[in-house]
Structure formats: C-alpha cells, structure tokens
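Here is the structure we will look at.
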Amino acid sequence: MNKLAIIGAQWGDEGKGKVVNYFSQFNDIIVRSSGGANAGHTIYFKDKKYVHHLLPSITFDTDSKGFLAKGMVIELEQMIEELKVLEADFPGISKRFMVDVETFIVLPYHKEEDGLLESMRKNPIGTTKRGIGPAYQDKAARQNVRIIDLFDDELLRERVEEIVYLKNNIYEGKMHIDVDETVNYLLDKFDQLLKLGVTFTSASEIEDEIKNKRVLFEGAQGIMLDLDSGTYPYVTSSTTTAYSASCADVTLTDDDTIMGVVKAYTSRVGEGEFPTELFDEEADKLRKLGNEFGATTGRNRRVGWIDLAQLRYAIKKSKINSIVMTKADVLNGYDKVKVCVGYEIDGVEQKMPFISNDFKKAKPIYKEFDGWNDVFEVNFLKYMTFIEKELDTEISYVSYGPKTEEIMEKRDFIMNIK
C-alpha cells in the first residue's frame, strides 16, 4: 500500500502538525522516526490547542495509532506529560501509542550537557537545550541508553554505571551525574508509561501492519535543518528528510507521496543562514501576524519572504513530489508581497544552490506581487500559481487558518476564488 511522508521543506515551523493531523484521519498509523522534544507540533481540535513535542499527531476521534520509531531520541518525562494532557480529554488514548524498544533516550544530564556545550561555544548554535544533540552524540559514541535496556534492572545499572563513569571524568568539575538517581529516574518513568498503557514493540514486530495499512510518516523540523543537507553547523542532530522513514524499516518509492509543507513566507529559529530574512519593523509585523514564536522555546522566530531557491534545493534533496502551502492567510492585507526567485552567488545568478555552504554567500533576487486582503482573491491565486510553476511541483493543498479543517485541495480552493 502506498505511503505518505509529510516533511518540512524550510527551516521547520511550517505547520506540519496541523497538516499531519488533517491527513491522519485517512491513515491507520502515524509514524515519527526522527528528532525528539526539540520539535513542536501545534494541533487544534474542537477549538482547543494541543502542542506535541514527541507524540505523533494522530487523530483524536478515530482509532489511528502512533508509532515512535528508533530514529528518535525520547525524553520519557516529556512523553508522560503529553500523554497525561491527552488522557484528560481522551481517556485510554495512551494505548494507541507504540514505541520501538530500540529507540534511544534523552536523559536529564543530556539537557545539562546541552546547555554547558552551548555556553562554551565561541559561536553558539542556538539549540533548544532539550538535550537532543548530546543524546544523538552519545548514540553515535555507543554510550547511551535504549528503551530495551529498561526491561532488565541489573543490565540497566551496569550500562548506566559505565556511561556515568565516562561522563563524570570528561566533565569533571563542570557537571556530576549520580548513578542511583539516573537508574531510579529511568525505572520510574518506564513504569509510568507502562501503567498508561503504552505498547513497547519493534518495527520488525509490526512489519505486516506497516506494510499492509495506510501509513503516514510525520517529519520533524525541516530539510534545511537536516544534519547532512542543511545549513551546517546550524542544523539539528538527525535526518529531517523523507529518508528517515528507513528507521521504521520502510523504503519510500516513486509511487509514494512525499509531501513538502511550505509556509507562504519563511521563518527560522536560532542562528544560521537565512537569505530572505526581514528585520526591524517589517520583521515585527510579519512575526506578530504569523504568531511566530517557538512552540518549544517561546523564542521569537526570524521571519522573511518565501525563498524559491531554497525550496528548489529542498525539493531535490528529499524528492518532494507534492506541496501543501500553509499560513496563506498571514499575508492578508499586504500591499506588496515579495518572492525570492534565485540568488546571486559570487556575482553569478543561480536558480538553486548546489551545496549548503552556498547559502552563506547568497544574495536574494526578488520578484514583487500585488497583495491581497483574502486568500480567496485572484491575487493570491497568481502568487500561488507562480510559485508552483517555478518549483515544477504541484501545490496540491492550501491551508488558510490554524484549525485542522481550514485546509482545501487546490481544485476546491480554486473554485472558491472570488
């Protein structure tokens, strides 16, 4: 059965949570396979706001399931908090979530380590300080804890003792980790998750279910934050392209839909390249209209015009074959709207950067459009049609508000143009 992957095509915060929540009603299993609690997906259901940092964005009023795959790093305490919020409104919903036992864990000392490393950097990256980088770092260094380790108290203690010995020697005088506190923390949180009814399994165990059912892969962050293809070093510590689906033992094919979520403008959290960034009053206006404040950190997001050169790069890196345009309504009321159609790099005009380092030297080339007061006006359609043609990729859906139902297929959207 064909699969659907929904990924951010910019620097994250494109509105993936709402889009995933909309499409989850047509799918049986929603899979998250990368990142951790550094992602923030906001969902509105019956006029109530829910913010997920870890949980896949399942549909609350269906029987869809969520699967946290082994490409993630999971902060157990955060997961418990999110489940308890949902349990208050949807009793028993925790039983609809599955976790791969081979998934690695974000521990309290990872957060401390994250802050320590950030404070020591000459040029801070602007991390969320949720411990994501150190957790992935420990995974690669073979010194982290996995969910499967929690099933055996004795082996868990041995594992933690070895890790703590290394950490305390590396960070002597900077931070100190206690073995008993760490073990007790892990066992307590694991017990709480079991009592909530979370299922612990593996991609291999549910292989037939994933193969034969309708599956949606929910991306985290955006392609421009990908560890390999993003604006390094100002990136996250995991894969943010559609290829992260391999962590659930799935290989996406040309027959599957890889849907890129594209905001009608652009935003970014933290440091790093941002060719179309706006400043001062222009930035404040767009930030306020779009409510561009981080769901994870609360920080002001940097904002700017939509960037087609960046999007061409993202489409190529993740083989995007469909686009959802979000937050189209935020630009309502602008007299003029700009679109970056390419870059000047070292004095040469380019439609798309060839490598991520090119973003450091990019000077945007703009085309200006007449604005609109409502997305159902012909001027917005002209804006959208131009973008679609330039990217050579169909904008198949348009999202025009925060509610899950405020999304339309393009053909229906066009029929409503005044």
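Using the three backbone atoms N, Cα and C, a Cβ is placed for every residue, glycine included.
Residues Asp13, Glu14, Gly15, Lys16, Asn38, Ala39, Gly40, His41, Thr128, Arg142, Thr236, Arg299 are given by Swiss-Prot as IMP binders; from Gln25, Gln221, Gln310, that same site also lists Gln221. With the fewest other Cβ atoms inside 10 Å of its Cβ, the least crowded of the binding-site residues Gly12, Gly15, Gly40, Gly298 in this structure is Gly298. The binding-site residues near Gly40 (IMP binding site), taking a 10 angstroms Cα-Cα threshold over the set Gly12, Lys18, Asn300, Ala328, are Gly12. In this structure, the C-alpha atom of Arg301 (substrate binding site) lies 18 angstrom from that of Ala328 (GTP binding site).
Counting every protein chain shown, the number of other Cβ atoms lying within 10 Å of the Cβ of Thr42 (GTP binding site) is 18. Of all the binding-site residues listed (Lys18, Arg299), Lys18 sits in the most crowded Cβ setting, with the most other Cβ atoms within 10 Å. The two recorded residues, Lys18 (GTP binding site) and Thr128 (IMP binding site), have Cα atoms 22 Å apart. Nearest by CA distance to Thr128 (IMP binding site), out of the recorded positions Gly15, His41, Thr42, Asn300, Tyr400, is Asn300.
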